[in-house]
Amino acid sequence: MSKYVVGVMSGTSLDGIDVALVKIDGYGQNSKVRLIKYIKEDMPKDVKKEIMNCCDINKSNVRDICSLNFKLGYIFADAIKKLCKKIDFPIEKVDLIGCHGQTIYHLANDNEKYIRSTLQIGEPAVIAYQTKTKVVSNFRTMDMAAGGQGAPLVPYTEYLIYRNSKSRLLQNIGGIGNVTVIPGNCTIEDVYAFDTGPGTMIIDEAVKQLKGMPYDRNGDIAFKGKINVDLLKELMNMDYVKKLPPKTIGREMFGEEFTYNLIKKWSHISDENFICTITAFTANSISEGYKKFIFPNVKIEEIIIGGGGSYNNTLVGMLKRLLPDYKIMIQEDLGYSSDAKEAIAFAILANETINNNYGNITKATGAKERVILGNITLVK
């Protein structure tokens with residue numbers, strides 16, 4: 001039976017709200033997914049600043065987080081309504097909404113003081129009430145309850161859509177970079193994934209602090225600079241780059257404070273050289289992750305890049321030079337959308353949830369077992 005499902009995603013890059021309407025037939029390995037419409041809504045500047053403050057333990061407080069949770073619920077609901085209005089699609093025909101929410105903090109592992117945990121906000125009750133539609137949200141918590149890191153979750157949907165006779169890598173470059181390994185003719189048990197390191201997060205923040213711009217459009221600023229070998233070496237020596245998968249990170253590691261301190265330490269080099277070098281850090285952390293943790297195990301035939309970073313020509317060019325023996329494509333080369341990919345993924349995961357089907361991959365998250373993801377919010 002066909003369902004019309006809306007997926008909503010607001011990622012760590014904070015570059016906007018991705019909303020995708022898809023038609024899904026079936027579920028699991030029998031899923032057939034067709035994108036009907038995708039839009040990207042700008043995150044209001046004041047709300048973006050609120051989110052960044054709430055993600056910063058030195059600036060956040062419980063009242064701000066409490067209020068922002070509901071505010072984002074209304075913003076997400078409005079974005080869904082705008083999509084439907086743009087194509088004259090009656091919102092009453094939407095069967096289901098899958099909303100990832102906005103990650104405020106993510107603790108992937110236990111330590112002496114804190115328990116592994118995650119917090120995504122964007123109140124699903126508000127979304128459900130405003131749209132009069134069933135909502136699946138809070139996808140990461142069940143995986144963490146099962147001993148996983150709660151991320152990455154997109155690999156399951158990538159397996160459903162991209163499995164092939166060829167061995168493929170699906171590299172997402174959003175705020176964070178993450179890769180999914182899909183061996184040719186594989187089963188779900190063969191798939192694994194991990195966060196490679198920062199995607200565009202440090203680049204975007206540096207461009208904002210140094211140039212007053214939201215991001216490095218097409219990688220034009222980085223293209224004008226030269227790589228500072230000492231800075232790149234310092235970054236590549238970070239513990240996370242060497243850590244064995246499964247592994248996951250977020251804004252708490254590579255966010256505003258990290259970037260500010262790095263700029264301050266390396267203020268003696270030009271802005272262009274700094275931005276070029278942190279772009280190279282993203283490219284090198286990706287290629288090193290492949291060489292250490294993937295290529296020794298799987299003979300890869302295709303690398304498919306998605307996410308906002310796939311539009312950074314300088315970054316993609318660096319990757320191609322670092323991996324000259326591999327065919328590197330972007331989502332658009334296969335007829336898909338780099339921008340819509342994650343919103344589509346959470347529409348698919350929502351469909352899996354309401355069909356009582358598992359949505360995580362244990363080799364990706366480190367969970368003890370496969371589990372059904374998400375909380376369901378119902379309306380009459």
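A Cβ is built for glycine as well, from the same backbone N, Cα and C atoms used for every other residue.
Counting every protein chain shown, the number of other Cβ atoms lying within 10 Å of the Cβ of Gly16 (ATP binding site) is 19. Sequence annotations record features per position, and here TrEMBL assigns ATP binding site to Gly11, Thr12, Ser13, Leu14, Asp15, Gly16, Ile17, Asp18.
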Neighbour count (Cβ, 10 Å) for Asp15 (ATP binding site): 21
